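**Student:** Sending over a structure as structure tokens; questions will come in a sec.
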């Protein structure tokens, strides 16, 4: 093929220099090239106009076969904009990622030199293009007949190019008498391949919008059962069903339709209407054979040149300002008739508006909620509507017509039944018809009801007269704004599907959306798992033992799996079961015909591998009993039974962690019944022997198969049971590295983050700045860094220019404490999170580059230039669900050491009861400011003795929910920051009943009252603590109070009072208890994240604190700590002394004992209830609410951990309400 090269050095509009420049008055200039024949264009280049200040800085490239119907060229990422010049003389080359085949090219300037004008010189590079073409008129087909009765193939290669005028039609069909067949057809403008090799049909659908009257290429490659289907640049791989691997086709293949047997020209399904070229079947040029009239080809009604229809489209570009105005021509019969076709992705938009002769009446035809709706506006308040259709925004062409006759207006959509509207008078259209939208000025009463139309229209006809849009474009007919003529710019943004993990893609004209329902993932592209990575992570959220879905690889490709989390021991065990957990008896097996059992686990092999790899240790018990059944041959030591590991390898050890030792547990423990053998079963006795062991070499686990081969002798049998896989620990949590030289770094393979990436880690440092990680390409890059002591920055460039997201903290981040960072980038948006500071996010441009192209190594803790390196510690670095082994890489890197020193870096809690561990140069201190406890480790309760008249009131400076700023992800994505629950905890001791313990009041005169009562009637928002007299004890109480939607009023808390209250706006029973106050001891009072009792004692002079009556700080909290851990048989007499103004007699113990496990479980149930409710609302609302509750639960868990051994009263209350509830609408809850 000869090389082709055209250089355009034009002066179409003379302005004294070489090159093209349009008139200044040209509204939408473009430069069109006629290449005289179809050319395969591979590259273009541009310059500005010679010797001037005129150049184009950005342009679109369109191509066409006819010069009428144009298609926009899009680069690999779907980007239509080409970067142009920055001066008049420089040459900017663009090599096309996929070539253009066409005769005409059009350059459409978008931007130009603001100090000059449009100026352009172009070069086009390519080759001459020749092809064999066939035209199918919708009633024709090509039949290729085989030389033999049946053709059986194990390999097929079929290729063709086509352009279609319709959304339906068969391209290829062949079938055999044994049920084999292959069919390639257009269905709803998508290409569908149906393939059956005799054992079941496989249907694959690919691409879309294939009825655009432009050429598309198809390639089908099949070898045995493996099939590749490629349409243009998109490929799908699949396998056929069953055992068959050959395709048997009888007699012939048909192209363009499926003819009835014996009746050529009649078809079973709608046949193809359009053109095909370069049609090859297994190397045979079908069209060439037809053109040469070879006998094996039947070509009924097929011609060999492609006819070009005059179906010219117009694109409405803007959803707010696009419109097309056409004059309403007169109808000879009266009334009017309008017909046109449209296609769009948007569910709303105005199609047609016209003023009627009887003002102020008008008609509007619009898309509303994906249906076609006709509205007759009779006045400002009176209108009549009719609707038809369903999902008319599916991207396909739809025909719409509107006509009036007499007193009726008729609306018709496609081939559906017409909808009719009765009118009160004869009606004629006004002077103009407005298509797609209305002008910005209110002309003739035309108003956009919601949005203007954004999509394509064609084939306009008014009163049976076709409208020539070329006249509109030339300014000789009607008017328009924001239109693109001669092309339909619709673009499928769901191809390819960027929704991950099975998310469903939907789209509008300008963007796509992902529905993540039922996937187990969330986020703009369903990238982030909603499940924790391990049972250890669930424990940190306050969960108790139970079944949980875990996602060991986070946002990686593996789906979540259901496991049992056993949290009753010091270690948290992850348990994965299989299909055979009961004991199994085996008899009659030999080495030649052994007994084989394969184990199917509740997780896939890939999920098991991820779980085992991420765990610190795993084990699996093998219970094996035998009678006259050996494990090893006593003569040569060869195995008679064995098990198979996760990799499919045979293993012959039956216990312990030494895989190279062919022994059982008794040999390792030196307690075999016969020391001459390594296993008890090898003694081959008539009595039952036991070789049970625990496999703990985790690289071999789990057991995938067991083989038993010596149970065929008389009296010989074996009994086995393989236990579940059990793992504990999370290796990723404390995988850390310390950087102590600015020029040092760790390097890893290139980040795999073309379309999406999430990066998370913890850091602590005393340095003011430093780069956490960086990866660069030729132009693209991604970087996360500490840019100042108060700011973390996430920056990247995918080809659209640098993007920078920064979060600034009000406290220093270089305080030698651990801080959490999570940066995420997808094709939809980018986000940055630091600790619990408000989330920063930025939406990606709808028209821009998508792929992050990197080629260097990933640098952690520094950069390739060895500048701005990080000094400090980084741990738990995870990218797309994969945790990087910082410690392993640090062991071999100068300037970096494995692990991270410091007392606060361990996983054990040094500071209790929500205290914060703060590193010091020579140790640590506990910050107890957010805890109700004090002391060096935040374990000493702050206690006060009350008498009847005593009270402490803590007044919040502003509404509590606002003051706490709980909505740490304050962005437009996550809406709603009202709190749906309050957590209260305190320890008390008293003999009084009834008594007022705690009251919370709001600015809206609502309240929560916790009172002590033996019993009472059923009222609300009064939480009663009922009791029966027992021996004297101190009683800790945890209250987890949740407000269930639609309850939204209790969000502005005014004050909290401990002890006596005299407010008269409460109900009678509360006022009675409040007047009697509280006599006894209160200790360690916690309300959400506040410690009001502690704040009152430390800040008595504050205006926020009000103390009434005799109030004495006491050490009764220490008494509580001692008595709570005593057994119930002990008395409290040894510790009664510190309590003042309280009875020295026997005390009452409050309520029944509710365990900590019940409390945590109930709180989890509450969280899930809220999650399910909000799941019905916006997905992002649900995400932020769930994270808020997990934070609350973690706080509750930490409190619970401090009293793990004590009996406590813990419960949870749900308060339901509506906007019409009153203060007297009360309920009681008992502990």
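Heads up, the Cβ atoms here are built off N, Cα and C, so glycines get one too.
According to TrEMBL, the protein carries these features:
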- 1-127: domain 'F5/8 type C' (DOMAIN)
- 1-19: signal peptide (SIGNAL)
- 133-306: domain 'Laminin G' (DOMAIN)
- 313-488: domain 'Laminin G' (DOMAIN)
- 490-527: domain 'EGF-like' (DOMAIN)
- 526-578: domain 'Fibrinogen C-terminal' (DOMAIN)
- 735-900: domain 'Laminin G' (DOMAIN)
- 873-900: disulfide bond (DISULFID)
- 901-939: domain 'EGF-like' (DOMAIN)
- 1147-1173: transmembrane segment (TRANSMEM)
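How about a rundown of where these features are and what they're close to?
**Tutor:** Averaged over the domain 'F5/8 type C' (1-127), the predicted model reaches a pLDDT of 85.
If you look at the domain 'EGF-like' (490-527), the same-chain residues 6 or more away from its ends with a CB under 8 A from one of its CBs are 74, 78, 207-209, 212, 234, 315, 319, 343-347, 395, 454-456, 549, 551, 555, 557, 559-560, 755-756, 758, 824, 826-829, 846, 850, 1179, 1182-1183.
Within 10 Å of the C-beta of residue 873 (disulfide bond) there are 24 other C-beta atoms, taking all protein chains into account.
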**Student:** Let's see if you can do this one: DSSP helix, strand and coil counts over the domain 'Fibrinogen C-terminal' (526-578), in that order.
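**Tutor:** Split by secondary structure, the domain 'Fibrinogen C-terminal' (526-578) comes out as 6 helix, 18 strand, 29 coil.
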**Student:** For residue 900 (disulfide bond), which residues of its chain lie six or more apart in sequence with Cβ-Cβ distance below 8 Å?
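**Tutor:** The list for residue 900 (disulfide bond) reads 736, 737, 738, 764, 873, 875, given in order along the sequence.
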**Student:** Among 133-306, 313-488, 735-900, point out the range having the most Cβ pairs under 8 angstroms from the domain 'F5/8 type C' (1-127).
**Tutor:** 735-900
**Student:** Over the span of the domain 'F5/8 type C' (1-127), count residues by DSSP class, listing helix, strand and coil in order.
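**Tutor:** Helix, strand and coil residues of the domain 'F5/8 type C' (1-127) number 0 helix, 67 strand, 60 coil.
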